[in-house]
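A.B. asks: The structure under discussion is supplied below as structure tokens; questions concerning it will follow.
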């Protein structure tokens, strides 16, 4: 863990690490905006009622109390409604949509990049503050299926631009599992999901033993285990499911949706989108396609980006708002990148040029050069001191600033690339650093 | 107030309003980075001890409590240290510098743009959550004076790029007031500051009456009132002070610093930097130059950006870290801009082009166009439906999307500027929107 913070679970980054995080956030924003998602931010707090509306008591909530109320031991009746910090961006987004339904245009495409908080026990070592990046498309009353195809393609495009190993989106569809269960006469779908969820952990025989305890028939268990072991990135997946011989209308609808999704993946993100019919997480909540993701070489990290289709994000009694969305766990990803040096920043400051100062009387001439370079978009600092040039070069070197600018006693201007030592005369009105040195860059390591 | 939020004091913006805020945040970041300030973020929480270290009990603090701890009525001994949300970015920055002193390069130049929270009483109508944008330069042991000149010039450059009326930075210097008081034999400098602070509210005679109560001599009061009424943006300010005939070493040092600051202002930001010797706010805390700002036509808003020079941001017992910094109240500024329509966004979405869909069978062809345009940096959406083109054009119009792209039955491509109605054939590989339509723009209103 590169975070040097005095409170566990609240990660903080050093300047060079922050450049990696900023680069990732900038890239995500750029991709989301290229696809027409509008930015919103919601307040950090929601009422406790809203936070617990979906029965999310398992999510640890941080409650807020005003210090003054505590000091004055104010009775509860004098306090306002209890407020808590949001633990995800879905609950606040649902509330925002209801608050502003009259002002928003539907389908509403929004992205939201914010911190969230979970009141985990400190000793559990989990993040208690972290950044999420969510995209959702929400309709008013209805939402077309093709948005379920769109979301994972946007995400794959976003990930493909990040300095990280390849990402695969794993998909399943509630309709397939639900329809399949109906088709083979399974009524307790939730238990079926719970048991299948343990497939990787306890193996097929473990799943079978558990399902037998819950009185599933041997043939039902066989069929569900066969279904759960189907995976693939092309239409052959559909044939494998159909070969199991189960006939059900909802199943067929789910297969058609999955087929359309895989076809789009084959065309627009080859081999990066894979059906995994054993995925059950979220199937109790979502109503259509569900998404998880796998970072190549980092399966232990779990899904760094998950989501799905829901038929009612929010409802005001009259209207409901169906949607589809996905959420990236940015801090978890950044933390892994930094801990393993997967990507690093080329320097720890935005500065491309340090203008040296010969003596304090000539500081103004150095400031003139800096102002000229900045006006041309080149990030420039003036040396804070007028010590020997060697010391000023070390100032730049320690920060990774690539160029130092000198004004000679004769008024001649020279710029030195302190990595190569190469020095040349230069005019602040026309000189430019190479494009790759203009701003700090972030590159995937070896 | 344009914020449509169901909790007072927690502002939220609609998508078009958020574009205005984002534009301002982007511009601030760009200017700060051009001047070599590195970004950091600190966690939202600090220990209550750290929050109250400077005796800031007047700042309302939100304390955090885990819901689970409350539900289980856990005794205090089982809880960890009390945590609270930060109410500014200075306290967390000081703690960050101490935590990471061994890893940072000094002088350390950082910017920090984050939300802060204050547990104001809801009925007071103040912001309880708002965004601040801070820059600071912090030294290890020492910090040269010229950074006190640098900070307001960076800020004026930043403000000059924002779609807001002109900003003036008002400055004073603790050394002038302190030295002047010493020179005329005033010992109770703090009371002198408190009285002068009321000059605008109660007038010179009110100030005189109050100072008499505190046993200031008539001549001292005369001199302080004369000092407080001096203001100006050039060196004549120094002569006016010197004409008062007070002789003191610290006063002279303060005047030299103020003179250097005004000279730099005259050169680099003419008429935008003004000495106001009546400014006392913060003089009890800061040790050199202090800054406030005035937004032209919006004096009632108060200072939207304040700061100054401090000799010890933080101290770990052995070393102290002097610094100079300033903090912009972004939410207050954005709220005023939006409430009065000072600036508006050209559209409510990032999208420049909507690709129309003739029928669902041809959606893929529309997606191909969108992918081609996006790969060339043009934000593009595909129409969510395949209704009549008139309805698809209205979809674009309601969001302010300027261009709609059509693929005819014959496969011919045309793009229509829906503002002018002008339609022309176009190739997705080469067509570009005019530069001013590529992204939403934010312009100062009439």
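Each Cβ is built from the backbone N, Cα and C atoms, and glycine gets one as well.
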A.B. asks: TrEMBL records A:88, A:89, A:90, A:132, A:136, A:281, A:285, A:286 as L-histidine-binding residues. Which of A:118, A:121, A:268 is assigned to the same site?
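C.D. replies: Between A:118, A:121, A:268, TrEMBL records just one in the L-histidine site with A:88, A:89, A:90, A:132, A:136, A:281, A:285, A:286, namely A:118.
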A.B. asks: When DSSP is mapped onto helix/strand/coil, what comes out for residue A:88 (L-histidine binding site)?
C.D. replies: coil
A.B. asks: Through the lens of DSSP with three states only, how would you label residue A:132 (L-histidine binding site)?
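C.D. replies: In the DSSP reduction, residue A:132 (L-histidine binding site) maps to strand.
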A.B. asks: Using DSSP, what's the helix, strand and coil tally for the compositional bias 'Basic and acidic residues' (A:434-446)?
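C.D. replies: Per-class counts: 4 helix, 3 strand, 6 coil.
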A.B. asks: May I ask which residues of the same chain, at least 6 positions away in sequence, place their Cβ under 8 angstroms from the Cβ of residue A:90 (L-histidine binding site)?
C.D. replies: A:134, A:136, A:313, A:325, A:327
